[in-house]
Amino acid sequence: MTVRSRSSSPEFDPLAFDQDFTPLPEYKAPTDTALDFDGLLPEPLKLHEDLKTGCGGMLWPAGMTLAKHMLRYHRDKLQKARILEIGAGGGLVGLAVAKGCSYETPMYITDQLEMEELMAHNITLNGLNDKVKSMILNWGEPLPEEIVALKPDTILAADCVYFEPAFPLLLQTLKDLLALEPNATVYFCFKKRRRADMQFIKAARKNFKITELEDQDRPVFNREGLFLYAISRK
């Protein structure tokens, strides 16, 4: 994995953005989508999008960015990894990794109760029941026994920064996960939409080591307000 420290260039520094970005997307009808991530998957990922139980049921730009990064740079590096996705929504990132990367231990994709049915549906839709398990994981609450036993060392988190009251809960879950496995890395991607989003990054820097990930698409997605980090213990 190639990482770099926080960029000194305002163009690529999320703290340099002082304006609010586009509001959250509006509701759209349920739909099925096939994604090959610009050819990184030989067989497209099938994803059912459904917003009936919450905004996590649709595709989000940070999820697409993180999925492409994992497929491009970690395809053959996860053989022994213990993988967990938090705030998975419909499971975009985890399922893309499951289809395109080699690993031995079944991964968990997790979210709130409202997303459990959609996660399970998308796992089955792609025939990944032997490689992926869905589970409820509420931020800020004690980690489920299965996750404690797994001791995940590869944690995926995309577009988890969107609701300010949840920031302390997300921080607590990251602390718990990194305490569980000190050598774990959180692959973290988010899109800045409002000034308050930066409060999470400021708080996270006080608790964790945060480095910006190298990616050939970084100049493009940074200009779109997307930022991609590795988070680990200090």
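Note that Cβ sites are derived from N, Cα and C of the backbone, with glycine treated the same way.
What TrEMBL says about a protein is an automatic prediction, not a curated fact.
Copied from TrEMBL, the annotated features are:
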BINDING   W60, G87, A88, G89, D111, W139, A158  S-adenosyl-L-methionine binding site
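Residue density at W60 (S-adenosyl-L-methionine binding site): 24 other Cβ atoms are found within 10 A of its Cβ, drawing on all protein chains shown. Binding residues for S-adenosyl-L-methionine (W60, G87, A88, G89, D111, W139, A158) extend across at most 19 Å, taking the greatest CA-CA distance. Taking a C-beta cut-off of under 8 angstroms and a sequence separation of 6 or more, W139 (S-adenosyl-L-methionine binding site) has the following same-chain neighbours: I86, G87, A166, L169, L170, Q172, T173.
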